[in-house]
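Each remark here refers to the structure printed beneath this line.
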Amino acid sequence: MAKLIEFNIEARRGLEAGMNTLADAVKVTLGPKGRNVVLEKSWGAPTITNDGVSIAKEIELDDPYEKIGAELVKEVAKKTDDVAGDGTTTATVLAQAMVREGLRNVTAGANPMGLKKGIEAAVQAVSARLSDMAIDIETKDQIASTASISAADPTVGEIIAEAMDKVGKEGVITVEESNTFGLELELTEGMRFDKGYISPYFVTDTERMEAVLEDPYILIVNSKISSLKDLLPVLEKVMQSGKPLFVIAEDVEGEALAGLIVNKIRGTFKSVAVKAPGFGDRRKAMLNDIAILTGGQVISEEVGLSLDAVTLDLLGRARQVVVTKDEATIVDGAGDSEQIAGRVSQIRKEIENSDSDYDREKLQERLAKLAGGVAVIKVGAATEVELKERKHRIEDAVRNAKAAVEEGIIPGGGVALLQASKAAEIEGLEGDELTGAQIVLAACTAPLKQIAINAGLEGGVVAEKVAGLPAGQGLNAANDEYVDMVEAGIIDPAKVTRSALQNAASIAALFLTTEAVIADKPEPVKAPAGGGDMDGMGGMGGMM
C-alpha cells in the first residue's frame, strides 16, 4: 500500500489538529458541571456519557495525520483508565496543554530534546510533591467520597465503601448486570488469581475483552494438557450437560488448545483455559484450594486420576467465572462450607508454624483468596443504554477507590495539581530545559481552568485566586464556593492524578520530538459496478 509522509511543522500540525479534536470533545465533561456527550452506535440506541475514555474510543477521524494524533491521545486516556480507573479527562486536558505550549516553543526554534528533558524533570518533581501531599485513607466515609466523585453518584460511593468494608481493601469486588432496578450488594464465596486466558479466542465480551462463563464445570489438572484424545471424553460429557467448561492446568497447548478454540469459534461449545497459578508445591496447594472452593478434585497422577477417565462428579462448579487477559475470578464456588472452613483453619495453623516471612506472606495471600470472598455489586437501570453506562461508571469507581486506598488521597478539583506545580520550579535548569519545566508548570493549571469554564466561570481568574489560597483550599464548582477541599469531600486518589500527569507528559514528549509522520494513503473510492449517470442515453428519444 502506498504511504503519505509529512515532515517537521506540517507533520506536527496534523498530529496536533487530531489531538485537539479529540481533547475538545472530551474536556467538556470535566468537573461536577461537566456536560454529556452523545455517542451514535452502528446498531441500537445512542449512548449518553461523560466518561472520557468511552468518548475517546469512539472518535475516528478521516485525515490520516489527524487520525494518528487522536490515537496517540486515546492511548493517554486508556493507559490512565487501566492503571487508576479514572483521570482520563484530566490526562487528556494535561496532554493538550503540554503539546500546545510545547509545539509553540518548537516552532519558535526551541530544541525538542531539551524541552523533553525539562518536561521529564518537572513531572518527576511534581509527582513526588503529589505523593508527599497524599493523606492515607482511614475511614469508610473517605472511600465513599472518592468513589462518589468518580461515579458522580453518592449512592454508588456508599455501596463501594460498604463492599470494601466487607471484603477488605485487597478484596475482590465485581460488578454484574441485574434485572431489578437500582443497586444491590451481595457477598459470595469466591476467589481471584493472577492468570488470564491462554488465547484471546476464548473472549465472549469483545468490548471488555473478557470471557464470562455462567454456571460452568471446572476441570482442575496438575499437568500439561496437549493431547485432544485425552481431553475428548470429559469434553463430550460436559457438552452433553449443556454447560460451559473452565479449564485450569499447568498449560493447555497443541491440539487440545486448538480443539477448545475451534469449538468456541463455531459456537458448539463454550470454554476458557487458563494456566494454574503459582509454581511447584505452591501450585499444588493453590489447585487444592480451588478444588475445595468449587467442590471438585485435582486431576493428578499422584492421586491415581488420569484425564481420560474423568467423570462429571470430579469437576468443580461455580455460579460464574470471569477471565480477563491478566486474571480469573471464580464467583460462588459450589464447595462444601465445612470443607472450606477446615481448609481455612489448616492454612491459619501453617501461618502460625511458619518461620519464613516469605512463606507466611504467601500463605496469607492464599487465606485471603479462600476466606475473603467476593463482593458483587448488582446494577440495574431503566434502559439498556443507561445500564451499560452505569455499569462502566461503577467499575471505574471501584478501581478509583482501590487506587485511593493504595496511595492515599489529595485535594480534588485540580487544586492539588496547581499547588504541587510549584515543585516544577527546579533550580539549575536553563535554556530549553527550563522552558520544558515551565510548560509543565503552566499545564498543571489546565484541569482547574477547564472545571471552572465548564461551570460557567472565567478559568484564568479562578486559577489565580486558588493559587493565592492556603494549601488544600480551592473551588467547589458544584456551588461556586471556595472551600477546604478535603473537608468538603472533594478528593482525588493521588495515584489517579499522578498517573494522569505522567501519561500526559509521556505523550507530549512524543509529539514534540516527532520529525516525520508516515500514514497509509487513503484508497480512492471505486465507482459502483455498472455505474454511469445514463446521460449518454439522452439522444435515444428519436428512436421511438
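Placed from the backbone N, Cα and C atoms, the Cβ positions cover glycine too.
What Swiss-Prot records for Thr29, Leu30, Gly31, Pro32, Asp86, Gly87, Thr88, Thr89, Thr90, Gly413, Asn476, Ala477, Ala478, Asp492 is ATP binding site, and it gives sequence analysis as the kind of evidence. Look at Swiss-Prot and you will find 529-544 tagged as compositional bias 'Gly residues'. Swiss-Prot lists 523-544 with the feature region 'Disordered'.
Structure with Swiss-Prot features highlighted.
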{"residue": "Thr29", "record": "ATP binding site", "Cβ contacts under 8 Å, 6 or more apart": "Arg35, Asn36, Val37, Thr49, Asn50, Asp51, Gly52, Ile55, Thr89, Asn454"}
{"residue": "Gly31", "record": "ATP binding site", "Cβ contacts under 8 Å, 6 or more apart": "Gly413, Gln450, Ile451, Ala452, Asn454, Ala455, Ala477"}
{"residue": "Asp86", "record": "ATP binding site", "Cβ contacts under 8 Å, 6 or more apart": "Thr80, Ser150, Asp396, Ala397, Arg399, Asn400, Ala403, Asp492, Pro493, Val496"}
{"residue": "Thr88", "record": "ATP binding site", "Cβ contacts under 8 Å, 6 or more apart": "Val26, Asp51, Gly52, Val53, Ala56, Val76, Ala77, Lys78, Thr80, Asp81, Ala500"}
{"residue": "Thr90", "record": "ATP binding site", "Cβ contacts under 8 Å, 6 or more apart": "Leu30, Thr80, Gly414, Leu417, Pro447, Val496, Thr497, Ala500"}
{"residue": "Asn476", "record": "ATP binding site", "Cβ contacts under 8 Å, 6 or more apart": "Gly413, Tyr482, Val483, Met485, Ala488, Ile490"}
{"residue": "Ala478", "record": "ATP binding site", "Cβ contacts under 8 Å, 6 or more apart": "Pro32, Lys33"}
ATP site span - longest C-alpha distance across Thr29, Leu30, Gly31, Pro32, Asp86, Gly87, Thr88, Thr89, Thr90, Gly413, Asn476, Ala477, Ala478, Asp492, in Å: 20
If H, G and I count as helix, E and B as strand, and all else as coil, what does DSSP give for Thr90 (ATP binding site)? helix
Translate the DSSP assignment of Asn476 (ATP binding site) into the three-state scheme. strand
